[in-house]
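Marked as Zn(2+) 1 binding site by Swiss-Prot on the basis of a large-scale study or a structure entry: His77, His79, Glu118, His145, Asp164. Under the heading Zn(2+) 2 binding site, Swiss-Prot lists Asp81, His82, Glu118, Asp164, His199, citing a large-scale study or a structure entry as support. If you look up Swiss-Prot, you'll see Lys102, Lys282 marked as N6-acetyllysine. Per Swiss-Prot, the feature phosphoserine maps to Ser235. Sequence annotations record features per position, and here Swiss-Prot assigns N6-succinyllysine to Lys273.
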Amino acid sequence: MAAVLQRVERLSNRVVRVLGCNPGPMTLQGTNTYLVGTGPRRILIDTGEPAIPEYISCLKQALTEFNTAIQEIVVTHWHRDHSGGIGDICKSINNDTTYCIKKLPRNPQREEIIGNGEQQYVYLKDGDVIKTEGATLRVLYTPGHTDDHMALLLEEENAIFSGDCILGEGTTVFEDLYDYMNSLKELLKIKADIIYPGHGPVIHNAEAKIQQYISHRNIREQQILTLFRENFEKSFTVMELVKIIYKNTPENLHEMAKHNLLLHLKKLEKEGKIFSNTDPDKKWKAHL
């Protein structure tokens, strides 16, 4: 069990974590939001969920304690537990100008409305740099968890704000495994020292953690490929594969296992290692 996270905690000279006060099975102890910089105006990364007054009061406490204000808001991805608090922050925390709220666009691009439509996103792109006193953040497009996911490299600390690409404990969920694995490999190349994750405690052995995430998925992939190689003339439905590969997993978890397995199959199909037919009862087979 991870140590209990404080609601407001200074993690370094330029990073303060404010906990989203929204604990749950997917959010762990809550969404980590971060005030980044050293000056009278700092960047806020992520905003927690909507309608969580405890979070707003923790954020106000942090701004008072560190004698600072919000320069702009950067959202790592569209999920509600990261973008949902924008409206409440704009309403409850006074600013002399309208907050600038930044994120990467959805892919394929689509209109995104914040709350009741009073605020609009300013869209970033991979490689953009966001600066404030004491901090330089470089945008890293890391799709996979979602199609618009970004991590941010804090250059002064060689640290990564990983959003939901990497968590402080356990593993994450993803929409596209092919993209997700490529994103992990890109993050590994940075050779970061620290990861400030979207949920859970700070990760001090950044490279080892990323490598662990990659290995975890590779082991499962090898298991799937071995099964296809040993049965290269056979084709399988997803549930047939689940019953073989997850045979030691309780049956009530097979639906979740099916979701994960399907993402692995789609990745392997993209790579030309297996193929599927177009029947209603889709079957998968080794690509010789």
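Note: Cβ is positioned from N, Cα and C throughout, glycine not excepted.
Note that the structure is predicted; figures quoted are calculated from it, not measured.
Cβ crowding, taken as the number of other Cβ atoms within 10 Å, peaks at His199 among the recorded positions Asp81, His199, Lys273.
Distance noted between the C-alpha atoms of Lys102 (N6-acetyllysine) and Asp81 (Zn(2+) 2 binding site) is 16 Å. If you take the Cα of Asp164 (Zn(2+) 1 binding site) and the Cα of His199 (Zn(2+) 2 binding site), they are about 7 angstrom apart, rounded to a whole number.
The closest partner of His79 (Zn(2+) 1 binding site) among the recorded positions, by CA position, is His199; the full candidate set was His199, Ser235, Lys273, Lys282.
Cβ neighbour count within 10 Å across all protein chains ranks His82 highest among the recorded positions His77, His82, Lys102, His145. Within its own chain, Ser235 (phosphoserine) has Asn277, Lys283, Trp284, Lys285 as residues 6 or more apart in sequence whose C-beta sits under 8 angstroms from its own. Considering only the recorded positions His79, Lys282, the Cβ with the fewest other Cβ atoms within 10 Å is that of Lys282.
Here the binding-site residues are Glu118, Asp164, and the one whose Cβ sees the fewest other Cβ atoms within 10 Å is Glu118.
Comparing Glu118 (Zn(2+) 1 binding site) with Asp81 (Zn(2+) 2 binding site), their Cα atoms are 19 Å apart once rounded.
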